[in-house]
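According to TrEMBL:
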TRANSMEM  B:40-58  transmembrane segment
TRANSMEM  B:78-98  transmembrane segment
TRANSMEM  B:126-145  transmembrane segment
TRANSMEM  B:165-187  transmembrane segment
Amino acid sequence: MNKELEHSFVEQLQKHQNIIHKVCRLYTNNADAHNDLFQEITIQLWRAYPKFRGDSKFSTWMYRVGLNTAITLYRKSKRRVNTQEFDSVEFKIKAEEYDDTEEQQLKLLYKAVHQLNDIEKALVFLYLEDKDYREISTTLGITEVNARVKMNRVKKKLKTILNP
Amino acid sequence: MDELELLKKDWKNTETKFESYSDSEIYPMMHKKSSSIVKTLFYISIGELVFWILASILPYLLSSTFREKLDKSYENPLFLGLSIFSYAVILLFIYLLFKSYKSISTTDSAKRLMESILRTRKVIKYYVLFNLSMIFLSIPLSFYFEYQENPEFHKVITEATTTQMLFVYGIIILVGAVFLIIIWLFYRLIYGILLKRLNRNYDELKKLEV
């Protein structure tokens, strides 16, 4: 039974692993931290798996556990804090030589998103994943109205970071 | 164009850039040890439970004079009642801790998950507060007990001047206060570091409701 459970879990996780990668993409700044968080999310998913009854899609369930791990459970290592500081310094230099090419703009956008706080990142993540406000609100545990309000504030904040 | 729309367009293409893990890589990963704050919190609470239980039974096991005194003090119904009460409270706390750990679920919404973690931390906090108040209660109590049962001590106290008595009370209060501050700082440090980020994120979600 246990082997069966393991097998079905790994099979589904393997198929949907990009969801975890994308969470890591937003919440970490380097490969080590990325792998570290990936592993912690995998552990938490596996632990919660016996309770997964299939009344929601496996992928939907992954979003929730993945974000919960990134926002609440995961403990940052010292190394990561240092890289974050490094990134923001680099960002300031780059912002001065801002040019309009799309690639450059994207680079700056990703850096700007990395400057948001954990909750704001979660909103951006779910937005980028095309989740509607209902799902955003139930994932975070806030009302739909508040999710909208917060999302608008995040957009404004991103604008200010990009055009100080 | 909206910044986020531009990002979204690119976001869809990032999928191909990730290193894909194979089944055989995922198997060992899911069985590795977790380093989540819930786990750390769990170890801390177990440590605290063990510490306070040891603190209450070690003197009994190690010192025979203490054992004799304690055995004798159990003849006093107040003392016996208090001991039974404190063991009942320990059992109650073990039950409450177990229950609140069980209620921590990663499939809840982010806010609920944070709330259940903070609730667990509260259980531990109350347990520590209970132990501290028991210690404070036991200081005047043992003073009184000694006064009643020990004739020599009784004589010393009755013969002491008011200044001497005030001095004794002062010392007791001072020692108690220093002890309390040290423990309080210790807790601020442990939980402050551990739960700083969680508290910040929880506040961020709460802020939206106002």
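Cβ coordinates are placed from backbone N, Cα and C, and glycine is handled just like the others.
The structure displayed is predicted, hence computed values, not measured ones.
For the transmembrane segment (B:165-187), same-chain residues at least 6 beyond its ends with a Cβ under 8 Å from one of its own Cβ atoms are 125, 128, 132, 135-136, 139, 143, 157. Residues 45, 49, 52-53, 56, 120, 123-124, 126-127, 130, 134, 137, 141, 145 of the same chain, all 6+ positions outside the transmembrane segment (B:78-98), place their C-beta atoms under 8 angstroms from a C-beta of that stretch.
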